[in-house]
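Have a look at the structure below before the remarks.
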């Protein structure tokens with residue numbers, strides 16, 4: 001008799017995706033982040049759902065409703081901080097997942113990669129709108145500054161911004177629609193994740209060597225389920241330490257002051273996971289140029305498969321490319337630091353140099369280095 005998991009119409013989809021899925025025998029812990037991202041998404045949807053039951057998306061009561069959740073709702077404080085710090089864990093896993101793809105050449109699966117880039121944009125949009133909801137000072141001014149960037153678009157810019165705001169400034173209409181979209185987007189993201197997995201399972205997983213592993217596959221369960229559970233336990237440990245010991249470490253103190261359109265905070269800055277892009281935006285003195293650079297800092301991921309000039313897929317056996325990769329990582333960390341600093345000397349020039357280096361490494365230095373490596377290997 002056939003096992004029910006292989007014959008039942010629903011169970012066989014689960015079986016072919018998570019149980020009997022053939023996986024390369026040599027994938028390392030860098031391949032854990034996909035499953036961790038799935039768990040992060042589930043956690044964010046669950047905690048967000050319970051928070052939405054108590055939150056009110058009205059400018060008069062939004063700030064107080066968040067306070068009410070933390071003080072009066074049973075375990076509301078842990079829901080709120082799991083959701084806020086869960087977003088940070090989400091982005092840590094996202095950036096490590098993208099970094100893994102860059103290092104091991106996973107971007108050569110272009111459909112999977114491009115859906116992944118769209119997912120990154122969707123998650124960033126969701127996180128930005130979520131940051132506006134507590135209606136603190138940084139929520140209000142962050143929303144004002146970032147949405148205002150669209151006014152740099154020629155001809156339609158100003159009308160577009162007012163259309164998004166639902167008025168002539170960030171106000172009640174803006175908060176209500178941001179809450180609606182913040183609630184809706186994670187479900188769209190869930191559907192996109194399924195498409196991401198669909199494309200991934202068409203080709204099978206890449207592996208650290210970058211060499212096809214069709215001749216040496218093992219079932220996903222129990223080997224990688226156990227491995228994923230270990231990664232999950234480590235992530236949950238870090239998340240709970242954050243939530244229970246220093247829940248506000250990654251937040252901004254200004255967000256504990258209710259939004260006041262008449263009082264601008266001295267340093268307007270987004271959450272830490274957007275600081276690298278914010279630094280690139282600020283490094284260009286021209287408004288439209290800054291917006292273009294901001295979008296390109298993420299959109300550049302789409303053209304990476306076309307910039308791959310190496311005869312090898314992975315960087316495992318390419319020491320020169322490895323040096324450039326880690327220089328890029330250091331550069332992005334520098335940009336993250338600069339994004340949180342005031343706009344004054346020497347931070348301005350450091351930000352500009354780091355921004356130039358960021359684009360130079362990806363567009364010029366990496367393809368050239370790959371060609372040099374091909375030549376050295378006489379390929």
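From the backbone N, Cα and C atoms, a Cβ is placed for every residue, glycine too.
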Segment assigned the feature transmembrane segment in Swiss-Prot (from 8-28, 113-133): 113-133
Neighbour tally for residue 182 (heme b b562 binding site), based on other Cβ positions within 10 Å of its Cβ: 21
Top Cα neighbour of residue 97 (heme b b566 binding site) in the set of binding-site residues 83, 182, 201: 201
Contact ranking winner - 77-98, 113-133, 320-340 against the transmembrane segment (178-198), Cβ under 8 Å: 113-133
Beyond the flanks of the transmembrane segment (320-340) by 6 or more, those residues with Cβ under 8 Å of it: 99, 102-103, 269-270, 272, 274-280, 282-283, 310, 347, 350-351, 354-355, 357-358, 361-362, 365-366, 369-370, 372-373
Distance, residue 182 (heme b b562 binding site) to residue 196 (heme b b566 binding site) (CA atoms, angstrom): 21
